[in-house]
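Take a look at the structure below.
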């Protein structure tokens, strides 16, 4: 994918060199000569990946990286530190600051470009998710970007696919302090277990006995249920060509043997955070869509959900000539609860009322708040005697136990009236069914309340 | 990206050859030996890209392709027809059936792999969108996948970046029958116009005088506002290396000179459909998220929106020591409208009531359905006299023109009572503001209705 690369370096010749290389590869290049400028460009959303020098006057590269990674607006940007510093301690500082990689000058062009391309491709996939999730902020609730940026990258479920006992021991010990590690020595079994263990990340050895670890990576990446897992390869220095191949088809990162314990921990943390970033965005999108069909007060489905799902359920029952019952449940004298004890108490009663009814519902039933203090329950497969029995049990349950109000400091007695109807072959649609339940409810109310009335089948 | 490739061919040696090549490149390969099997695998969602032979007994490849492209569940799958047929007419039949490409045997391996990789990468980006959009079907409303699959790929806005008069003429004439074509001979101006014209697709010549068309493609692909545009390159046969480069960084397709008119039309149509597929999914996601904050009956924002946005608006006003007014508007004797003319009529009145009030609202105001027949309007910056004036104008407007009911066959007079309040420095939160508006509304109701009452500032 084409992308905008931000080069951050205070020395013009360095900038110029990188700019030429990247430009030849059809990347769009932006330049910042110091940390604050770099942060500003990133915050404006004007780049896709950052190549960051360390030694700059004022704010150094480590600090720039840390700030990018802790800011919800920029935390998703991949950062590659490109520097003349070559001590393991420097490398570790970079990775600890959250950098996706740390390349030492003189730069191997192929390594740099492979890395940038791979990061850009992975980012293109989550960008779509991110831009949709941004819209959820309009709806309110917790900001998914802030949640994601605040993640520590600890406590992940990790699948280690490795068959060398010494490596299993070393890696397992290092990671177990921060994560929950599952070891699998057999790559075939690993592929079976990968989708089942709820893993955040898999670490895969490229030197498994008699099996190409790269193939396992590619399978994990292409299977529907595992394609969003983070993936890190473990290989030898002389396997750079295979590692490049892996990065090309979507592996997130790699570690070279002998594995540095701290580098292992840092790279795993970075990929765990990246994976959780996507998961948080997916979750926010899902939650905001569910809001549209959820009643805020009771947590039940809302009228909109009922309107859109009752038709198909009714049609299905008619087609299969099966029973279908509708219960309309209305709290008795709810207005007087509100007037006597206040709206807060009324809300408490409504919530508890919904919660009690929820106990009687199977997964295929529909339960929705129909209006003010009225709840509708639709029971596919039910005939009149079943429906009446369910209604009667609910009525007893509501009457039997008083409702706590004022935060549990007092109790009040509540009763419910229920109108029951079942589908007739002469019904032309769900409106007929609802209408009869409504009429039956009216009869229950007018004949003294706290009772179940049913329309004839 | 790694991916699952489905090979569809009835001859085992052909299958074997392709399977070996793809497997070496770490693709996961599935095989179908006939059309119906291929359709079944695709419907199950078990592949990412389809390599399709044409001549098979029973259902031929053209028919398989057509069925895949017209089925909402499979329309997004890229299809490459790989066949020994080599007549232009065959090629055209394949492209007309909706294939993304048509490669003639013996296959150039590099061309095939470049193509498959490019299609897989582009698909990875929309897959995320697609899987989120699938969740919108739970909410109801039109099925975005069905909408997208039904698109004709006609009537698009196309930007043609080309400086050869003869090519402009030929391409322009061919496409103008189906689309709206804008010609730009200057690549720099093209980059400026691309984000502004609402274009679905850009066709870019790789042989522009003194400018590398590939760079323009890469810029269009990396700019935020144009990155979702469909892109087709126009090049010469000897420029295959540059074309491969373009496909690698995300250009969707290419055409070789001399351009075949029908192939041009077919490839443009395919890319327009692909682009609209993504746009439809984005739209569906956006719409389903907006549902969560929208009242179905009136189309105004709902109580949930008010609850989540009033706090910040109130805080902002307090911080800047600016005015903030709240109007609570309640239809007079609404229950008797419902009782006398029926619920349908009540709904008609409510909708028209909301519509009239909407005329008085600026973009920064909040307008939400507060409950049954009550609408709340929040006006940042307004002091008491302004707020009272707005309320009075609305009251007059409601009273002045009767409301049409029963589908416009009769009119009834409706009036509104309004409670007005403005922020006080002693207010601890928006609840105080709402509470005073509610009390003022109660006064308006009890002193005869059809009037505005305001709480003191």
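One is the number of the first residue shown, and numbering goes on along the chain from there.
Yeah, the Cβs are placed from backbone N, Cα and C, and that goes for glycine too.
Among the features that TrEMBL reports, domain 'Response regulatory' is placed at B:4-120 (among others).
Positions annotated as domain 'Response regulatory' by TrEMBL: B:157-272 (among others).
If you look up TrEMBL, you'll see B:322-457 marked as domain 'GGDEF'. Taken through DSSP, the domain 'GGDEF' (B:322-457) splits into 61 helix, 37 strand, 38 coil.
Look at TrEMBL and you will find B:53 tagged as 4-aspartylphosphate. In this view, residue B:53 (4-aspartylphosphate) is surrounded by 27 other Cβ atoms within 10 Å of its Cβ, with every protein chain counted.
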Average the pLDDT scores across the domain 'GGDEF' (B:322-457) and report the rounded value. 94
What does DSSP say about residue B:53 (4-aspartylphosphate): helix, strand or coil? coil
